[in-house]
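Written below as structure tokens is the structure these notes are about.
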Amino acid sequence: MAATQKEIVDGLAEIVNEIAGIPVEDVQLDKSFTDDLDVDSLSMVEVVVAAEERFDVKIPDDDVKNLKTVGDATEYILKHQS
Amino acid sequence: MAKIRAAKGAPYARIMGVGGYRPTRVVPNEVILERIDSSDEWIRSRSGIATRHWANDEETVSAMSVEAAGKAIADAGISPEQVGAVVVSTVSHFAQTPAVATEIADKVGTRKAAAFDISAGCAGFGYGLTLAKGMIVEGSAEYVLVIGVERLSDLTDLDDRSTAFLFGDGAGAVVVGPATEPHIGPSVWGSEGDKSETIKQTLPWTDYRVGDVAHIPLNARGEVKFPALTQEGQAVFRWAVYEMAKVAQQALDAAGISAADLDVFIPHQANMRIIDSMVKTLKLPEHVTVARDVEHTGNTSAASIPLAMERLLATGEAKSGDTALVIGFGAGLVYAATVVTLP
């Protein structure tokens, strides 16, 4: 069953916490991965791969650069999850 | 039909000795920062690199190779005359022909050994090792010198803040010889040419011919920009960590070695972040020693695995007889992984 917006944000928060050590409560829709959450470009790849597995979605390299905020990623997953 | 007699090779092959050469000039991040807007902390956090070696005019591809090869031959306990073939992997020898391997074979003191260059980027060491093993088992050479050598400082755009700090120079060599038991596992190797744009040289040399002068790029100071290595960082990272972890696992499986049996992991020294993530993805047990030579050597492409191997053995972090997983990966894209017994 497809994940809801809340489930995706919660899942991303757990992933970002695991990879970058950011407190889960800091991971909000309006937060920028690089500017607010200290997720650099390489950690972003790890976040994306973990999100792909968790939400059964494919996020090609060309699309990764468009995912600036947690909201961008959530929207992308909502739209592309199978 | 006349019957042709085949050569008689050894049953198996093994790495018998290793040697390295690191250029005398050590370049800290501060020197890199003279040309790019960055910081030591940023470079270290993105790459794990603190220093790298850059070759001077005397430290040519040939000269560095001869030094490394001499050490490998001495380590193997053979004489140079016994070397039957010299395989040199490099992407930074800037004379197209003849192959630099022939000059190296001569200067090392081989007796007219077969000698040729290969171009397989950062997988070059594994490609060379695979060829050497084949030659020894087939019988066309008893001992083969495999050299990975680069002067990547010549292919680095020092004004590019995403790559200026990555690359270094050096040579690493091994002697591969006959064995009565398998000491080099099956090679898991291949290429993915559909991703050839992911890591590449900015421009072909032919673009620099007079007549194409309008296309020659200049830097901010009006100087001609030499061709340089460029890469799509995120795509390379994803491929290197996740796809190469699968290849590494295949090499373990092919050799019948479990992660628990493994003593040492020597991945291509591209970037500490790739190494850390590969170790995590492969779920290597704590007891496995991981090569982290990139911190003080940078990315030396084909030279990185033998250089890292040499340092682990020299420092005592690894010992002769240890079982090591080696994997190279890079421009092509190409890759080669195998399990070996350390010399």
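The backbone N, Cα and C atoms fix where each Cβ goes, and this holds for glycine too.
Counting Cβ atoms from all protein chains shown, B:C122 (active site) has 32 others lying within 10 Å of its own Cβ. Among the features that TrEMBL reports, active site is placed at B:C122 (among others).
In the structure as shown, the Cβ atom of B:H268 (active site) sits within 10 Å of 34 other Cβ atoms. Look at B:H268 (active site): DSSP puts it in coil. For B:H268 (among others), the entry in TrEMBL reads active site.
Around B:N299 (active site), the C-beta neighbours below 8 angstroms that are at least 6 residues distant in the chain are B:I49, B:C122, B:L152, B:L166, B:F167, B:G168, B:H268, B:Q269, B:A270, B:N271. Summarising the annotation, TrEMBL assigns active site to B:N299 (among others).
Marked as domain 'Beta-ketoacyl-[acyl-carrier-protein] synthase III N-terminal' by TrEMBL: B:116-193.
Taken from TrEMBL, the feature domain 'Beta-ketoacyl-[acyl-carrier-protein] synthase III C-terminal' covers B:252-341.
Sequence annotations record features per position, and here TrEMBL assigns region 'ACP-binding' to B:269-273. Listed as Cβ neighbours of the region 'ACP-binding' (B:269-273) (distance under 8 Å, sequence separation of 6 or more from its ends, same chain) are residues 46-49, 122, 166, 237, 240, 291-295, 297-300, 304-305, 307-308, 329-330.
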- In the domain 'Beta-ketoacyl-[acyl-carrier-protein] synthase III C-terminal' (B:252-341), how many residues does DSSP call helix, how many strand, and how many coil? 37 helix, 23 strand, 30 coil
- Note on the structure: Grouping DSSP H, G, I as helix and E, B as strand, the residues of the domain 'Beta-ketoacyl-[acyl-carrier-protein] synthase III N-terminal' (B:116-193) number 23 helix, 29 strand, 26 coil
